[in-house]
Amino acid sequence: MSCLQLHPTACPGLGAPFTPALGPAPLPPSPWGRVYGRRWLVLLLFSLLGFAQGLVWNTWGPIQNSARRAFGFGGWDIALLVFWGPIGFLPCFAFMWLLDKKGLRVTVLLTSFLMVLGAGLRCIPVSDLTIRKRLIHGGQLLNGLAGPTVMNAAPFLSTTWFSPDERATATAIASMLSYLGAACAFLVGPLVVPSPNGTSHLPLASSESSTEHIKDRIEAVLYAEFGMVSLIFSAALAYFPSRPPFPPSVAAASQRLSYRRSFCRLLSNFRFLMIALAYAIPLGVFSGWSGVLDLILTPVHVSQVDAGWIGFWSIVGGCVVGIAMARFADFIRGMLKLILLLLLSGATLASTWFTLTCLTSVTHLPLTTATLYTSCILLGVFLNSSIPIFFELFVETVYPVPEGITCGVVTFLSNVFMGVLLFFLTFYHTEISWFNWCLPGSCLLSLLLILCFRESYDRLYLDVVVSV
């Protein structure tokens, strides 16, 4: 008798002792493998939440010159506004516990409510600039507290709602949309908000570059983001179930380790720690770097609008390639390590090219808009597209640790590295060539760790072999 003919808690390998079915009466048809069309609506709502969180987090970096003029922000303020993102991951373990114990609905509603409060704080019209800056910082912190859910819960959602041949794709869509939101901030901010020197795709009159006009345009962006976040919260409140009536796979129905045992398993698993560092170091560095991209490109005389377009296309390219790679991984299983080796090799070469190009006085490489566009876009494509592949490999490596806990630990580590980097940036923001060198160094270290990593596919084995 196969495992599919038994109750899920009575199947060997699912966390409970094996007990045969009692009585001669036939068992009802197995619910495993059943998927529901509503899974795409759940994925859409979660992805939109991630999109909004990324958009709000990256509001200020792309328009840092305008924010300095309108609100009196300094370099320390700009770095801190980005820094609230990793700071918001400090209670990450509380959100992991909530996801593990209460499920998706409660966690998503709490997360979206924090985002509504944060976006609303930034819109309060206060004439005192000191109080206004504090409200903006407080709003960014509340939005940062939503980061653990939108960054960690994608693999949990894909396992709960999607079949094994759709899981990597669903993980990619749910995790990539947060980065796409950050990318749209690169586009929306510089196009809507004029820079102090009048740089824009459209000719501006002198009055349109005034401080009051710039402030009005920034506030228009803040109100629009508040409206979008409120709409997503209302939609999630109306409909966002925690789980489907029946699980889509054996792995989704299996019993997982407890919260405490999961941490013990993760911290004692050397292979997991190795691959976690391979993810956390380069992605943490890249997230901090892209959050202040305008600040980094200003010394090489790149305009605010051009910096926005560079950031936009680098993240959009990574999202598109990441979803394509995840779809490929769903069709060709067992290739996650090879895919990561290819992506991290490309990231190492692209980041080295960008760093050397910025040192034009030493390397004499041509510093043009085309070279900056190409190197930054390639770097974003290679690094961002690796995220869903990493997530799937994490879950496969440490199964049956719950997906939310596994990805929570690695994203917490990533934000620790991002936070340390931005912490140093708040003190050393006048000369930041050192920041660029962190990129190729982190990518090369990650590549070496992946080369030494021995992959395994425990969850896939359960779905493909045990269920037969």
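Keep in mind that glycine also has a Cβ here, set from the backbone N, Cα and C atoms.
As given in TrEMBL:
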type	residues	note
TRANSMEM	39-57	transmembrane segment
TRANSMEM	78-98	transmembrane segment
TRANSMEM	104-124	transmembrane segment
TRANSMEM	172-193	transmembrane segment
TRANSMEM	220-240	transmembrane segment
TRANSMEM	270-289	transmembrane segment
TRANSMEM	309-326	transmembrane segment
TRANSMEM	338-364	transmembrane segment
TRANSMEM	370-395	transmembrane segment
TRANSMEM	407-428	transmembrane segment
TRANSMEM	434-453	transmembrane segment
Intrachain residues whose Cβ lies under 8 Å of the transmembrane segment (309-326), provided they are six or more past its termini | 62, 168-169, 171-173, 175-177, 179-180, 182-184, 186-187, 190, 290, 293-294, 297, 302, 339, 343, 372-373, 376-389, 392
Would you mind listing the long-range same-chain contacts of the transmembrane segment (39-57), meaning Cβ under 8 Å and 6+ residues beyond its ends?
-> 82, 84-85, 104, 108, 111-112, 115, 118-119, 140, 143-144, 146-147, 149-151, 153-154, 157, 161-162, 170, 173-175, 177-185, 188, 225, 228-229, 232, 235-236, 239-241, 244, 248, 291
Residue list, the transmembrane segment (172-193) vs rest of chain: Cβ under 8 Å, 6 or more residues beyond ends.
-> 43, 46-48, 50-59, 61-63, 66, 150-151, 153-154, 157-158, 200-201, 214, 217-218, 220-221, 290-291, 293, 304-305, 307-316, 318-319, 322-323, 325-327, 384, 387-388, 391
Dominant neighbour of the transmembrane segment (338-364) in 220-240, 270-289, 407-428, 434-453, by Cβ pairs under 8 Å | 434-453
Using a Cβ cut-off of under 8 Å, list the residues of the same chain at least 6 residues beyond the transmembrane segment (370-395) that approach it.
-> 154-155, 159, 167-168, 171-172, 175-176, 179, 272, 275-276, 278-279, 282-283, 286, 290, 293, 297, 300, 302, 306, 309-311, 313-315, 317-319, 321-326, 329, 336-337, 339-340, 343-344, 346-347, 350-351, 353-354, 357, 403, 406-407, 410, 439, 443, 455, 459
State the non-local partners of the transmembrane segment (407-428) in its own chain: residues 6+ outside its ends, Cβ under 8 Å from one of its Cβ atoms.
-> 75-76, 79-80, 82-83, 85-87, 89, 92-93, 95-96, 99, 147-148, 151-156, 263, 266, 276-277, 279-281, 283-285, 287-289, 291-292, 390-391, 394-395, 434-435, 438
What else in the chain is close to the transmembrane segment (78-98), if you only count residues 6 or more beyond its ends and a Cβ gap under 8 Å?
-> 57-61, 64, 67-68, 106-107, 110-111, 136-137, 140-149, 152, 259, 284, 287-288, 291-292, 295, 404-405, 408-409, 411-412, 415-416, 418-419, 422-423, 425-426, 429
Excluding the flanking five residues on each side, which residues at least 6 beyond the ends of the transmembrane segment (270-289) place their CB within less than 8 Å of a CB in that stretch?
-> 82, 85-86, 296, 340, 344, 347, 379-380, 383-384, 386-387, 390, 393-394, 397-398, 406, 409-411, 413-419, 421-422, 425, 435-436, 438-439, 442-443, 445-446, 449-450, 452-454, 456
